[in-house]
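Structure, as structure tokens:
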Amino acid sequence: MSLFKARDWWSAALGEGEEFDLGCLCVGDVDNSGTGHDKVVVGSYMGMLRIFSPNANKLSDSSPADAQLLEVQLQNAIIQVEVGKFVSCSELLHLAVLHPRKLSVYSVTGTAGNVEHGDQYQLKLVYEHNLQRTACNMTYGTFGGVTGHQSLCIQSMDGMLMFFEQDSYSFGRFLPGFLLPGPLAYNPRTDSFLTVSSARQLESYKYETLAVATDAESRQDSDFLPKTGGKRLTPDWTFVLGEQALDISVPSFSHSSSSILVLGERNLFCLRDNGQIRFMKKLEFNPSCFLPYASVKDGTTNLLLGNHNNMLLVYQDVTLKWAAQLPFVPVALRVANFPELKGVMVSLSSDGHLLSSYMGTDPSFFSTPKVDAREADYEQVDAEMKKLQKFIREATRSQDILPSPDAVEELSVKATVSSCLDTPSQALIQDMDGLPVPSVTVQVKLKASSVLLSARLSVCVQPPLAVSQDQFVLESMGVGSTKEVSFSAFLNGPYPPADLTGDIVVSYSSPTGVPRVLQSRFSLPLALVCVLSSPAKTTKFKITVDTNQPPVDLNAIFREFSAKTEDKDGNSLTFQFLSGAKVTVLASKTSQRYRIQSDSFEDMWLVVKELVQRFDQHFSKLGIKDFKKSFSGPMPLQEYFLSVDNHFQLRVGAQQYQDLLSERAIQFRAIQRRLLTRFKDKTPAPLQNLDTLLDATYNQVIALAEAAEENRALLEQAFVRLRSSTHLLVLLLSLWQGLTPDQTAILEATLLPLLQDTPQLGWEESCDAAVSHLLRSCLSRSPKDQATSLAQTGGPVLGLPQDTTRLKKHIALLCDRIGKGGRLTLASDANAQIPAQIQNLAAPGGVEPIAEVFGDGEEMDTPQEMSKYIKKKPSKKVKKVRGQKTRDGWIKR
């Protein structure tokens with residue numbers, strides 16, 4: 001904030017509810033009085049035209065109406081007003097008013113009054129032009145080097161420059177590559193026009209080039225201009241601004257300081273007449289308008305700059321010379337000469353506050369009023385202090401934004417999943433591969449202990465699961481009130497989900513207006529996605545889980561399926577998923593092992609998860625505290641990599657479909673433009689099979705869109721299956737090495753960094769970056785690698801890789817490091833201490849980035865160390881002994 005304020009000299013409020021912008025203000029001797037004193041012309045978007053003549057002799061009057069010469073209500077909105085020599089055979093100044101569909105040129109005349117009411121002013125229409133296109137802005141000047149009068153150039157909203165020479169229309173030209181109109185200015189030194197295109201670059205067009213260019217009756221693409229007659233319109237030079245421009249000004253005070261000034265959204269540019277940059281000033285605020293004015297120092301440029309902080313800044317080139325405070329945000333600035341005072345700054349706000357001011361050096365300080373000295377009543381002050389402290393304590397107690405842990409819960413949410421399936425089922429898909437699709441009811445009970453406002457409940461489940469209603473509006477709840485809602489959950493896709501848990505989110509506001517969010521979780525039963533079936537004869541994938549307790553009856557573990565099983569001994573259960581895959585659980589009769597086998601690797605996840613969780617619950621009820629479960633390997637990495645490759649191929653296919661769609665869409669639009677050109681041609685020409693090519697391209701676009709949509713559905717399914725496979729791999733790794741829950745959470749966050757794929761960021765690159773970080777930090781073999789990883793900040797931008805070879809190597813190396821005792825932790829010194837001579841490597845600039853040694857380096861040249869952790873295909877010797885009883889007590893099929 002500035003210490004000084006702009007000193008008010010004269011001000012006026014222009015109407016109520018009117019709007020003003022950059023072109024609504026101009027100054028000049030519009031009535032041709034010959035005194036050299038300027039008048040202020042203001043036009044509004046409501047069509048009101050006003051002319052003022054501020055006079056220092058009338059400042060004592062309270063009403064600004066004495067300075068108002070004329071006020072006229074025009075029929076159309078006023079976009080821009082300018083004063084110049086716009087009438088042929090006349091040296092007098094006239095007023096040009098630009099409307100959206102009309103250009104009017106007026107003469108302002110004054111008649112000396114014989115009575116006390118003073119002079120009378122009249123506005124007389126000289127000529128007008130009805131525009132065929134909606135106007136945006138205009139500029140004027142001596143186009144073509146003519147002298148004695150000035151011409152007008154209007155830019156339309158669709159990019160056409162319309163030239164008017166007094167009362168006649170000259171020609172019109174469309175700007176190439178036009179999208180949205182920008183500011184327009186005329187440079188009399190080079191006889192060229194300056195504008196900023198939608199490509200955010202400053203473009204210069206010579207008047208001679210515009211005059212001889214191809215005549216345009218309609219807007220066409222530059223690639224399809226006629227080959228005969230005229231020249232193609234191209235800019236004389238361009239300069240890339242990199243941002244949208246607010247205004248362009250071409251001051252012509254002296255030839256020594258000839259320059260072009262462009263006000264951007266965040267920068268101020270100054271260029272020479274040939275497009276070379278003179279200087280550029282980065283602004284620390286949002287500018288609103290600017291105005292160059294004459295400088296007393298030769299070779300420099302002075303300018304006034306207004307911003308959205310109600311500040312008026314004075315710059316000499318890039319140096320800030322003065323700053324003053326304004327009572328509003330200016331949208332237009334002018335410098336005028338009035339009687340008894342020259343160089344007055346005239347500013348206009350968007351709501352019609354017109355101010356004439358000058359710079360002053362008298363600071364505006366706020367002085368506190370004097371108070372009567374009196375003796376303090378300490379008892380009264382003490383009582384007031386206690387009262388205020390009581391108010392503060394009550395407000396602090398009732399308006400805590402963060403709830404304290406000791407505070408009573410304002411709302412309790414309890415979700416109960418029904419033990420029986422719904423009859424009839426509420427599923428949207430009633431039948432899937434000949435099996436009925438069940439549904440289960442979930443009841444949610446909410447109890448409020450205080451007043452709750454605008455309560456809403458949302459339900460979220462993992463795809464392909466769905467619910468009958470996912471949004472509930474609970475409105476307000478009183479103290480002690482309870483509400484119950486219920487919904488049904490069911491399978492809504494031809495593949496099993498990766499997780500059977502769901503989330504309930506309740507958002508509400510406390511009585512003091514503080515927003516709160518409460519979350520609760522529920523688990524859906526396994527019977528929702530599978531049924532019992534007969535065991536499969538052959539299976540491709542097998543997993544063995546070891547325990548330290550005697551075998552358990554599977555019917556006692558899965559009680560909801562015990563009534564439908566055919567095996568009364570409880571040694572085997574076969575689950576048939578609704579999507580078609582079968583998963584069999586076998587319990588050994590002589591050992592403490594359990595085998596899970598299936599033809600689908602990812603489908604085993606839900607069954608293995610349920611089996612492990614129910615084992616924990618079963619032995620916990622029996623009071624056995626030393627129950628342990630383990631997995632002896634080998635790790636099924638090859639089976640896991642099948643899911644990775646399938647997901648990656650679908651992502652590559654999605655990218656290819658996107659590229660093909662872009663190519664066909666470009667081709668389709670090009671054919672449309674050619675057809676449109678043929679149809680608009682005055683002399684009909686043969687279509688040359690363009691209509692056939694258009695139909696064929698359209699069919700290709702539709703076919704590609706359908707194929708891309710089908711690939712997207714397959715990609716969503718593949719990602720769910722990949723999540724299931726990853727969950728299963730994480731569980732097996734934790735059982736294999738006995739990882740703690742914290743280490744398992746780190747491993748799961750590393751291998752599953754995303755909950756869903758996006759076109760910008762996918763699972764492969766995210767997982768590879770996370771695994772690489774673990775291999776460089778807590779799982780690195782040497783402390784030097786850890787220090788190097790600390791010194792390297794940032795990295796390449798994540799993108800779709802060319803293949804999955806690198807990712808597979810990293811995952812295999814991760815399993816190898818964990819199998820050799822690597823400790824998963826977020827600390828940098830997980831496995832080794834960093835020597836003192838290497839600690840300086842972690843400082844910025846301590847080392848240069850080095851190649852990743854575990855990607856394609858020496859460590860990957862010896863895969864024998866990790867080959868024992870990767871499950872291999874069975875050899876021929878193993879195939880010969882099938883059908884014999886093994887030592888574990890089950891029969892291999």
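Glycine is no exception: its Cβ is also placed from the backbone N, Cα and C atoms.
Among the features that TrEMBL reports, domain 'PTHB1 N-terminal' is placed at 1-363.
Summarising the annotation, TrEMBL assigns domain 'PTHB1 GAE' to 436-522.
Marked as domain 'PTHB1 platform' by TrEMBL: 525-632.
Residues of the domain 'PTHB1 hairpin' (634-737) grouped by DSSP class, helix first, strand second and coil last, total 92 helix, 1 strand, 11 coil. As annotated by TrEMBL, domain 'PTHB1 hairpin' applies to 634-737.
Taken from TrEMBL, the feature coiled coil applies to 698-725.
The domain 'PTHB1 C-terminal helix bundle' annotation in TrEMBL covers 739-818. For the domain 'PTHB1 C-terminal helix bundle' (739-818), the predicted model reports an average pLDDT of 81.
Feature annotation from TrEMBL assigns region 'Disordered' to 856-893.
Marked as compositional bias 'Basic residues' by TrEMBL: 869-884.
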Segment-segment contact (the domain 'PTHB1 N-terminal' (1-363); the domain 'PTHB1 platform' (525-632)) at 3 or more Cβ pairs under 8 Å: no
Helix, strand and coil residues within the domain 'PTHB1 platform' (525-632) as assigned by DSSP: 29 helix, 30 strand, 49 coil
